[in-house]
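What TrEMBL shows for this protein is this:
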type	residues	note
BINDING	Gly103, Trp104, Thr105, Gly106, Thr107, Gly108, Lys109, Asn110	ATP binding site
DOMAIN	273-330	domain 'Torsin-1A C-terminal'
SIGNAL	1-21	signal peptide
Amino acid sequence: MKTTASSVLHFMLITSVIVHAFEPITTTIVAGAGMAALGNHLYNYIFETCNQHWIGFNATGLEVDLQSKLIGQHVASRVILKAVTGFMNNEDPKKPLVLSLHGWTGTGKNFVSQLIAKNIYQRGMTSGFVHLFTATAHFPHEVDLDSYKSQLQQWIKGNVSACPRSMFIFDEMDKMHPGLIDSIKPYLDFYETLDGVSYRKAIFIFLSNAGGENIVQVALDFWKAGRDREEIELKHLETALSLSVFNNKNSGFWHTSLIDKNMVDFFVPFLPLEYKHVVQCGRAEMISKGLEPNEEAVEQMAHDMNYFPRNERVFSMQGCKVISSRLDFYI
Ligand SMILES: Nc1ncnc2c1ncn2[C@@H]1O[C@H](COP(=O)(O)OP(=O)(O)OP(=O)(O)O)[C@@H](O)[C@H]1O
Ligand SMILES: [Mg+2]
């Protein structure tokens, strides 16, 4: 279409009418509101806020991560996917989700917590709504127990008030003082609200090595019987867990009434990892370092790791824990 002088004039006339239709004050208010909305939008974009932009469950993401990244943990993988998906899809949960992960060192307990966080919070573990406590680092001195208790309670209360969808991970749960565990119990229970705060959308994850040896025994029995590891089911491990964890009078965790009050929704067993899993971890590590997987280096590294029991050499002593640093010597 050809632009004629008259059409330009017509356009200028219309624009001037529109512009004149706004008095300066209205224009300022509209512009101000616009700026505020833009500012809000920008703020929400840059700073983490307790809303859908930053928090939202990616069920497929979790499923894919568990399948492709978590190595050798078919039982844990299934339980976690079911537990987290069920809870996150429930609009009105009656209590917070409480998971207790158990197993030998280096088998992926912290790793899986990271995968859960990553598929709920945009910022994953670095989210301001994800809180990680390590017993020996955060609560080292028994004499300070009373102050730990009140600080921890205030921390949980303050953070859940600010964002109901908060996640609390307690590492080295077996090293935590029973009194301190008792102090968080009210938050795990079936309460509508507690002092006006509802904890029902929060997630609590406990990590420990408690029960690890009995889980190893079950895995070893399967191995000795020539049965496939994949045949191990939750039911085979539940007895192992209950024997060692629930009846262990020395375990601080279980001195508390967490178990008989049914506050823990799922006990999740982690199996000890074998040579082939160490190799898989090595490959994954090389890829995450941006390197081409070097089969020879990975196998050499896996070969040089320590395995137990001494004669059978079936399970990796350190699981996949030291692989990241070890691998550097082989590539
Ligand atoms: N099952 C696994 N699949 C994939 N990677 C794993 C697995 N287990 C361990 N890893 C790797 O080893 C690292 C250490 O594992 P992680 O910290 O999760 O062990 P853990 O079970 O918490 O051990 P600990 O009981 O000693 O705390 C992880 O960051 C991950 O890179
Ligand atoms: Mg750990």
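Start at 1 and count along the chain as shown; that gives each residue its number.
Just so it is clear, glycine is given a Cβ too, placed from its N, Cα and C backbone atoms.
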Kindly state the mean pLDDT of the domain 'Torsin-1A C-terminal' (273-330) in the predicted structure.
94
Sequence gap of 6 or more, Cβ distance under 8 Å: name the residues on the same chain that satisfy this around Thr105 (ATP binding site), in order along the sequence.
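Long-range Cβ contacts: Asn209, Gly212, Met317, Gln318, Gly319, Lys321.
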Cβ distance under 8 Å to Trp104 (ATP binding site), same chain, sequence separation 6 or more: which residues?
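In sequence order, Asn209, Gly212, Glu213, Ile215, Val216, Phe270, Pro272, Leu273, Phe315, Gly319 meet the Cβ cut-off.
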According to DSSP, collapsed to three classes, what secondary structure does Gly106 (ATP binding site) have?
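Note: Gly106 (ATP binding site) is coil by DSSP, not helix or strand.
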Can you give me the residues near the recorded ATP site, meaning same chain, not Gly103, Trp104, Thr105, Gly106, Thr107, Gly108, Lys109, Asn110 themselves, Cβ no more than 8 Å from the center of the site's Cβ atoms?
Phe111, Asn209, Gly212, Phe270, Gly319, Lys321
Which one, from the binding-site residues Thr107, Asn110, has the smallest tally of other C-beta atoms lying within 10 Å of its C-beta?
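Result for the binding-site residues Thr107, Asn110: minimum number of other Cβ atoms within 10 Å at Asn110.
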Can you tell me how many other Cβ atoms are located within 10 Å of the Cβ belonging to Gly103 (ATP binding site)?
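Here the count is 29.
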